[in-house]
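Input: a single structure, listed below in structure tokens.
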Amino acid sequence: MLLEHRELERAALRIAQALLLLSFVAALAFTIKYGFSAAFLIFATAGGLLGWFYSAPPLKLSYRGLGEAVTALAAGLIMPGMGYFVVSGQLDSWFVMLSVPLTCYGLYFILTVEIPDFEADRAAKKMNVVARIGVKKASIISLASAIFGTGLLAGLNFLGFSGGAFDLAKLAVLSFLPFAAATASLVALTSKGLSAVRHTAINMFGLVGFLSASVLVLFLELIFR
């Protein structure tokens, strides 16, 4: 939209800056109101700045080959970590361990949504992973991240890291959804020349299905505990 309406650029920037400031004020107020430690405010502020400098100067992380790492970290640690911090009052070792497979799915997500735009990203010199190595190799990495996610969830459950909160075995089983989707899309891409849009749709169907089913399982466990 901003490419077609350059006159809106300044307004969009001001709105984004205002929202970033508002998020900091809200985090500060929450910290004071509910007596959280300064670590909560630091964590929330770090998340906001990470999102801001994803594309904003001077860091412009997504243009320096760090976009995937930032998104994986945001999806696997920052966003779920905020919710966990609010509920439990801390980030303990159990959550830190759980954030590792979640980060794998963050990588799966960002590689998937970059695929339809890889030609435009190349033209704009936004050399993310997909633009640098191509769709097929990026799809292999997506599949690998899904495999690691499933393996890590199964491993954590086997080692007893559920912490009594919920059954990680169920999440490990449900994690076969993105694994199956990534496998199907890669096979179709290799054998049938699957379009980028269809490729993304299949992968996202697997990821959204996994997340939705996981939320439902956790909800039912809380209800019937």
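Just so you know, glycine gets a Cβ as well, placed from its N, Cα and C.
If you look up TrEMBL, you'll see 12-30 (among others) marked as transmembrane segment.
What TrEMBL lists as transmembrane segment is 36-54 (among others).
The feature transmembrane segment is assigned by TrEMBL to 66-87 (among others). Remote same-chain partners of the transmembrane segment (66-87), defined as residues 6 or more beyond its termini with a Cβ less than 8 Å from a stretch Cβ, comprise 36, 40, 43-44, 46-47, 50-51, 54, 95, 98-107, 109-111, 114, 128-129.
Per TrEMBL, the feature transmembrane segment maps to 93-117 (among others).
Here TrEMBL flags 138-159 (among others) as transmembrane segment.
The feature transmembrane segment is assigned by TrEMBL to 171-189 (among others).
Annotation source TrEMBL lists transmembrane segment at 201-224 (among others). Counting residues 6+ beyond its ends, the transmembrane segment (201-224) has Cβ neighbours under 8 Å at 105, 108-109, 112-113, 142, 146, 166-167, 170-171, 174-175, 177-182, 184-185, 188, 194 in the same chain.
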Counting only residues at least 6 beyond its ends, the same-chain positions whose CB falls under 8 A of a CB in the transmembrane segment (138-159) are 97-98, 100-102, 104-105, 107-108, 111-112, 114-115, 118, 129-130, 167-169, 171-172, 175-176, 178-179, 181-183, 185-186, 189, 199, 203, 206
